[in-house]
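Below is one structure, written out as structure tokens, with a few remarks after it.
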Amino acid sequence: MSDIIRTIRAAGAWRPTLGEMELEATLREHGHRVTRPRSVVWQVLADTDGHLNALEITERVQSLDPGINQSSIYRTLALFTEIELVRESRLGDAATWERAHGDAVIHLVCDRCGAVYHHHAPSIERLRRELGGHADFVTDAIDVRVTGHCSRCSVG
């Protein structure tokens, strides 16, 4: 159990959530430990449905703990992406992150309002495995983005 979780437990009747246990187990599995920045970034991503860009993540993290600097947030996002706790996507001009949810998804992005919809696509994961079978190429991820107009923007 991490020192942070022990400290928080000692302060009151707190029990780790499934997400916090997943974070700790995954970090340990990859030789890392839970730190305050990692814990807070994870909390922000776990409490959000959908994608957040770096500015949104930074603002939310710093509202919870102003002592966590931007470079710690970026290092944490890079680590979480590397160990597949989160997915990084380019849905517009900037990178966005969301918690990894198992199945590969196709991102449907409205060109007008920027709304993002997910279409779960197990076939994408099968394609990734198939492409990974080539001896001269290792496939890390497939990020599919389809642009168009959402139903709200299509009206009129």
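In case you wondered, yes, glycine gets a Cβ from its N, Cα and C as well.
All TrEMBL annotations are machine predictions without curation.
What TrEMBL records for C110, C113, C150, C153 is Zn(2+) binding site. Feature annotation from TrEMBL assigns Fe cation binding site to E125.
The Cβ of C113 (Zn(2+) binding site) has 11 neighbouring Cβ atoms from other residues within 10 Å, across all protein chains displayed. When the Cα atoms are compared, C113 (Zn(2+) binding site) and E125 (Fe cation binding site) turn out to be 29 Å apart. Note: the CA-CA distance between C150 (Zn(2+) binding site) and the residue listed as 'Fe cation binding site' rounds to 25 Å. Long-range Cβ contacts of C110 (Zn(2+) binding site) within its own chain (separation 6+, distance under 8 Å): V116, T147, G148, H149, C150, C153. Its own atom aside, the Cβ of C153 (Zn(2+) binding site) has 14 Cβ atoms within 10 angstroms in the protein chains shown.
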